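J.: Structure below; questions to follow.
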Amino acid sequence: LNLYHKVLNCEYGKNTIKFLRLHREGKKHFVKEVEVCTHLRLTSCHEYLDGNNSAVIPTDTIKNIVLVLAKKNGIATLEQFAIDICQHFMTTFCQVAYVKTYVQEVPWQRLHENGIPHIHSFICVPNGIRFCEAEQCRNGPLIVFAGIKDLKLMKTTQSGFEGFYKNEHTTLPERNDRILCGELFCKWSYGECKDFDFDCIWNKIRECILEAFAGPPDCGEYSPSYQKTVNSIQMHILSKVQVIEVVLNNTFYNVVDMKNLGLTNDKEVSKCSKHNLPGLSLKILSLKA
């Protein structure tokens, strides 16, 4: 019996390169703390098939290159830093056939005291983690993605779930007033690398997410389902990007029955239960020019 084996993928690289980049402008300081993962695929597979390491760029070298680029170029935006990493490996090493790098940022924000920004003190605020990816094949375009993850959102009313399919296995009651809570993951593509204002676009998309989830500040907006909320978020921001993916991992809050304790609980205390369910995801391709 003759067996034919083919190597489909032999990527390798360095994960979790964590560092802080401090930039000083006189007495005022600026920080960027990031985590970088960079993977390469070489033009040959000799290191896998023959144990020949002559073309292999050590992962320690990959880490050092990332640190040197941060030192020399700074980190103007996460996206530009990811682009710098990809372009360095493509232009420096002829044996690299493909490079992909992922960068995520620790959400440090400048401290304010009585409305006055502090010159060198920061606080880590968990209001969503910014990340990006860049990838390029040799002789191919450099593609850039960006996104936000671990953004926890809640609204305590203006949400329900009614009219769903029922059969003999259905025990879930219909509700027209519930707490809507979830942890959001959002990712979009810039397509081929162009001259974008990455900071402006990222901030605008984050604003769109919050607006679509919450609705107007004085009255909100009713959500008939998680699915409809995910779609509303995507449709609100599709004009900004080519492709958008949104995942809202739902967290349920069920009102605790306190009758046995002699109390009436008018939706004031709810038990949190995180269900191990896949998030709601939809990818849409914008048809706008």
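Note: Cβ is positioned from N, Cα and C throughout, glycine not excepted.
Keep in mind the model is a prediction, meaning the values are calculated, not measured.
What TrEMBL records for Thr59, Asp60, Phe161, Arg178, Gln227, Asn250 is urate binding site. What TrEMBL records for Asp60, Phe161, Arg178, Gln227, Asn250 is 5-hydroxyisourate binding site. Annotation comment: TrEMBL describes Asn250 as O2 binding site.
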J.: May I ask which residues of the same chain, at least 6 positions away in sequence, place their Cβ under 8 angstroms from the Cβ of Asp60 (urate binding site)?
T.: Lys14
J.: Near Gln227 (urate binding site), how many other Cβ atoms are within 10 Å of its Cβ?
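T.: By my count, 13.
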J.: Among all protein chains shown, how many Cβ atoms are found within 10 Å of the Cβ of Asn250 (urate binding site), not counting that one?
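T.: A 10 Å sphere around the Cβ of Asn250 (urate binding site) contains 15 other Cβ atoms.
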J.: Hey, what's the Cβ neighbour count for Thr59 (urate binding site) at 10 Å?
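T.: Step by step: centre on the Cβ of Thr59 (urate binding site), count other Cβ atoms within 10 Å, giving 16.
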J.: Grab the urate binding residues from the record (Thr59, Asp60, Phe161, Arg178, Gln227, Asn250) and give me their largest CA-CA distance in Å.
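T.: Among the residues the record ties to urate, max Cα distance equals 52 Å.
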J.: Please give the 5-hydroxyisourate site's span as the largest CA-CA distance among Asp60, Phe161, Arg178, Gln227, Asn250, to the nearest whole angstrom.
T.: 52
